[in-house]
Structures are given as C-alpha cells and as structure tokens.
Amino acid sequence: MSPRSCLRSLRLLVFAVFSAAASNWLYLAKLSSVGSISEEETCEKLKGLIQRQVQMCKRNLEVMDSVRRGAQLAIEECQYQFRNRRWNCSTLDSLPVFGKVVTQGTREAAFVYAISSAGVAFAVTRACSSGELEKCGCDRTVHGVSPQGFQWSGCSDNIAYGVAFSQSFVDVRERSKGASSSRALMNLHNNEAGRKAILTHMRVECKCHGVSGSCEVKTCWRAVPPFRQVGHALKEKFDGATEVEPRRVGSSRALVPRNAQFKPHTDEDLVYLEPSPDFCEQDMRSGVLGTRGRTCNKTSKAIDGCELLCCGRGFHTAQVELAERCSCKFHWCCFVKCRQCQRLVELHTCR
C-alpha cells in the first residue's frame, strides 16, 4: 500500500472513531434511570460520555434524567419514522447505539443527529415546565397582551433553556475539536436543524374563561409540539436532504451543495457528505444488518412492499395464528369484557 493510501486509510479510521464517539451519549437511553444515582457513581460511570460531558453531568445532575428521556424519545421516534424502510433504525446494546451506520456521513446519520439533539431539547424543556428542575421553570418572558388580543398567562414552555442545554451537551465533542472537519460541520448543522424543528413548530395553546363556557377572557401560553410532529418534520427533511462538500469560504470552512445547480440549504435542512448504502445485504463491517427476515407488505408498491424492501430477492409466505380481542361488551359498572379470538393471517418475510 502506498504512503498516500495509508494516510487516507488512517484519516478514514480517525473520522469513523470520531463520528461514532460523537453520538455515544445516546447509550443513556439504555439505562432505566439516572436520577436516583449519586453524583460520584453517575457521572464518572455513565457509559458513552466524554470528559466534558461528565463535567456537565456533575454540574447538572438533576437534568441528566431528562437527557436520558430525550435519548429514548429520539430512538423511539427514529424507529417509528423508519419502521417500513430498509434501514429501520435498529439499535445495539453496545457503542455506538446505532452501530457503524452513524460513523458514515450519510443522510441516515444526519437524521440520527438531528432527532437526538431535538430529543434532548424537548425533554429538558418539558422537565422545566413540569417543575422537575430547580434551575429552570416556565418561560416568564412571555407575558402581557398579544397583538391578537389574548392574555399571555399560564406556563409557557421554556424552549430557550432546553435548546441551550442541548447545544451545550450534545454539541460539545464537535465544538471541542474546533468544528473544522467536514463531519464536525455536518454534525453541528444537523444538530441545530433538529432543534429548529421544535422552534418552528412551537404552538399557542389557549383556555377560555367566562360564564357558561363563554370566552370573555382568553389566556394562552406557548407549548412545544408533540414529538411525533417533530419526527415527521425531520423525516421530510431527511427525504429532501442536501448532499454537501466542504469548501473554504473566506478564512473558514463551510459546507456547500455538491451540485452547484441546487439551491443552498437552510438552517432547517439536513445535510450529508456521502451517499447511503442500499441496506439490502448484511455487511457487519459497515453496520448494515440487511433486510432478510424482515416483514413486508405484499400488496404495497411503496418502500414497505415486498418487492422493494426485499431488494428483489423474493419473500416467504406463512400462515400464522394471531390472538386478538373480540366480542367486547361493556358491563355496568364499569368495565369492558372481551373474548380472546384466534385469526389466521398471512405473514410475508424477505428471503
């Protein structure tokens, strides 16, 4: 192997190790709770944290259970959004949680980083509003009368605190490296796009006050959207993600569209550096599990259909017995009683 090839291989290895480690904090999702463990046991022994995250943990121990919930939210939402895709957001019980897929600069990695940073911002914000954290509470900057004539009142979600904590905790590895590498720039951009997905979908919730349900006075507050809505928004951004490449702009490096004919991406868009594998066949070196054995939809022409999901390999069909509730009746008072029925269904799995 030539010296140039050796250097390139070494760079790729460092790139992969750095990229995987940047998302290792997601291993917190595998824990049942971090809130009941003392500081000494918690922060030093939590798997997947780099030293600066350990220090943040020590300074913000009460917030760490929200970070864990945010990681869980992110993984669950990723698996929901990709449940019918060739890559279905499978996780491992080791580091990195999503396997080697996140070590590559693909659009799948872009989604993982975006939904993860959004998960932390969301969970910390909700913890602030629910009174779980001493360091933050409701957003008191939202007050007075709105231009629409309603009174700002109640507990507005403190999204500013949630976003700031997510930036400090999730972005720390990339920022500690100076954010100069292509992958660091990609990760930071997608982290911010995830948080933007919450900010752009913040909503106003209101309550009417008056005699007999009239709305003489209406009080309103700002609330984060349901996390499912955030997941849908980021999935749309995934489908329209922009392939980029690093370029020096002035004295700094920036990511620009690889195809000059494409319009520049915005802060809310996802970006990626390299095309994705097809995820058809198992390749443990790149962390691809393949689609063999996956359940498919025989009648669908979409990606969940047997033709596309099974990558043209065909599929097996089996008759399976499904247990389900049936003949349900309401009994006074107050419960529903059902029978357990067996139903034969066809199950199709990829060859």
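Cβ from N, Cα, C; glycine included.
Recorded disulfide link (Swiss-Prot): C280 to C311, out of the candidates C310, C311, C326. Take the candidates C208, C215, C220, C350; Swiss-Prot pairs C310 in a disulfide bond with C350. Per Swiss-Prot, C341 makes its disulfide bond with C326 among C306, C326, C328.
Spatial neighbours are here defined as Cα atoms within 10 angstroms of one another, and by that definition the neighbours of C138 (disulfide bond) among the disulfide-bonded residues C128, C280, C326 are C128. All protein chains considered, the CB of C338 (disulfide bond) has 11 other CB atoms within 10 Å. For the disulfide-bonded residues C220, C311, C334, a Cα to Cα distance of within 10 angstroms from C208 (disulfide bond) holds for C220.
Ranking the recorded positions N88, C155, C306, C326, C333 by Cα distance from C128 (disulfide bond) puts C155 first. Candidates C89, S212, C310 (recorded positions) were compared with C280 (disulfide bond); those inside 10 Å Cα-Cα are C310. Within 10 Å of the Cβ of N88 (N-linked glycosylation site) there are 17 other Cβ atoms, across all protein chains.
For the disulfide-bonded residues C138, C310, C311, C341, the ranking by surrounding Cβ atoms (within 10 Å, all protein chains) places C310 first.
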